[in-house]
């Protein structure tokens, strides 16, 4: 049992302070990554693009448009909900920009995990966020002088840095947090994504409505990232052993309880069990869940503002508020669920495997069902109902962090960076697949097109819940246990078989 003074959520818990700092960094980088979802609606001249794209569409046939759209049409009678943008970027070009950062992320995913497992994750994370922040800050300048191609390249470079964030952050968390606290730490860390949505989307909408317009969003994101880099460089450390401010009591507690990260001889020469990884059923279940989960996240983060703009014809600030609702719902449940599920594990009520399976399956199946309900309520007269459903969707999504994310940290602690990179690589495919799905079915922005998109995504997320619920694991795998010859004799204060049991 963990004493109260050594509890994760304690005012003097240095590991909690570090996870909070990582959460702030994740919030900033998530805002940098997803701000394009809201800003795109006010960057693009919707009136001009609509006239070009929809010249052959008879909107009089759509009763939905006739009832919902008021006094916002082009000279030809075509509905165009314009937020004051000036860029002539077609929906196809917008989708390419949404996916551009994930192409860069795919390029750096595997190298990021390799570097995280062998060198300083702290230094790699610092450099990655610095590159991302500079790239984000420069977007307005690049847009003005280099246009669409320049922005695509800048977002691609941003993605290269983004590929390092999760592997390095996961490595740091797994070195600082005992296994029975990983759900709490994981929920707290990944809450940065929800903070980015809850705070960032309305801020982006406010900038769009102001005289500063959309460039202010990128300037703010870039400056916040640079400031975080300075703070992290001064206070962040790779492990408790390297920290000079952690208490002796907490350091002793962490050294005793994080046996999975005992130093290994010739750490840079550890062999990666690639064949075992690619044939591991629990890992494959994690990877499939990562793909489906990121398809859904991409839709929520990048396309929700466009969805509310085209289907419900919301004004800018209303759009910002409604688009933040799923993030608010998820924020309310994920930390509470993480604390609850860790409490059950500590008291021996459920196993590690049961906890991750229940968390992921419950979350994904419920999210998919709610999304199907939204699909059948695409009417501007039901916008409040859909807002409530979006909150429910977020509430249902919260427990997923204690599912595949926690499983990923538990399967092979010595290879956390590599496994996280593999998951991110697959997740990047999911992030790229989402714009592809939207581009395939969204032509005129009608409710019928959005219904098809939501049907596909909801079926994907439901299938991942069933697969993870039957195949996943929350325990370290046999192939992840280090060989006796690899263990550092300096750290071998307990018998090898006892150490192996603590790892398994």
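We count from 1, first residue shown onward.
Heads up, the Cβ atoms here are built off N, Cα and C, so glycines get one too.
Sequence-distant neighbours of the signal peptide (1-31) (same chain, 6+ residues past either end, Cβ-Cβ under 8 Å): 125, 129, 132-133, 162, 165, 169, 172-173, 176-177, 180-181, 184-185, 188-193, 195-197, 199-200, 221, 224-225, 228, 231-232, 235-237, 240, 243, 245-247, 249-250, 253-254, 339, 346. Per TrEMBL, the feature signal peptide maps to 1-31.
Residues or ranges marked as domain 'Major facilitator superfamily (MFS) profile' in TrEMBL: 18-475.
Using a Cβ-Cβ cut-off under 8 Å and counting only residues 6 or more beyond its ends in the same chain, the transmembrane segment (124-142) has close neighbours at 25, 28-29, 32, 112, 115-116, 150-151, 153-155, 157-158, 160-165, 168-169, 172, 214-215, 218-219, 221-226, 228-229, 232-233, 236. Residues or ranges marked as transmembrane segment in TrEMBL: 124-142 (among others).
Annotation comment: TrEMBL describes 148-173 (among others) as transmembrane segment. Here the transmembrane segment (148-173) has long-range neighbours at 18-19, 22, 25-26, 29, 32-33, 36, 89, 93, 96-97, 100-109, 111-113, 115-117, 121-122, 124-125, 127-132, 135-136, 138-139, 142, 182, 185-186, 189, 236, 238, 408-409, 416-418, 420-421, 423-424, 428, meaning same-chain residues at least 6 beyond its ends whose C-beta is under 8 angstroms from one of its own.
According to TrEMBL, the transmembrane segment annotation covers 185-205 (among others).
Taken from TrEMBL, the feature transmembrane segment covers 217-234 (among others). Same-chain residues lying 6+ beyond the ends of the transmembrane segment (217-234) with a Cβ under 8 Å from its Cβ atoms: 21, 24-25, 28-29, 31-32, 35, 38-39, 122, 125-126, 129-130, 132-134, 136-140, 203-204, 207-208.
Sequence annotations record features per position, and here TrEMBL assigns transmembrane segment to 281-301 (among others).
What TrEMBL records for 321-340 (among others) is transmembrane segment.
The transmembrane segment annotation in TrEMBL covers 361-378 (among others).
Feature annotation from TrEMBL assigns transmembrane segment to 390-412 (among others).
The transmembrane segment feature in TrEMBL is assigned to 419-438 (among others).
If you look up TrEMBL, you'll see 450-469 (among others) marked as transmembrane segment.
Residues of the same chain lying 6 or more positions beyond the ends of the transmembrane segment (281-301) and with a Cβ under 8 Å from any Cβ of it are 33-34, 37, 98, 193, 197, 326-327, 360, 364, 367, 393, 397, 400, 403-404, 407-408, 411, 419, 422-424, 426-431, 433-435, 437-438, 453, 457, 460-461, 463-464, 467-468, 471-473, 477. Summarised as a single figure, the pLDDT of the domain 'Major facilitator superfamily (MFS) profile' (18-475) averages 85. Taking every recorded stretch in 185-205, 361-378, 419-438, 450-469 and counting its Cβ pairs under 8 Å to the transmembrane segment (321-340), the highest total belongs to 185-205.
Sequence-distant residue pairs (6 or more apart) of the transmembrane segment (361-378) and the transmembrane segment (419-438) include fewer than 3 whose Cβ atoms are under 8 Å, leaving the two stretches without contact. Sequence-distant contacts of the transmembrane segment (390-412) (same chain, at least 6 residues past either end, Cβ-Cβ under 8 Å): 170, 173-174, 179, 182-183, 186-187, 190, 194, 277, 280, 282-283, 285-286, 289-290, 293, 296, 300, 304, 322, 325-334, 336-338, 341, 352, 355-357, 359-364, 366-367, 370-371, 374, 418-420, 423, 468, 472-477, 479-480.
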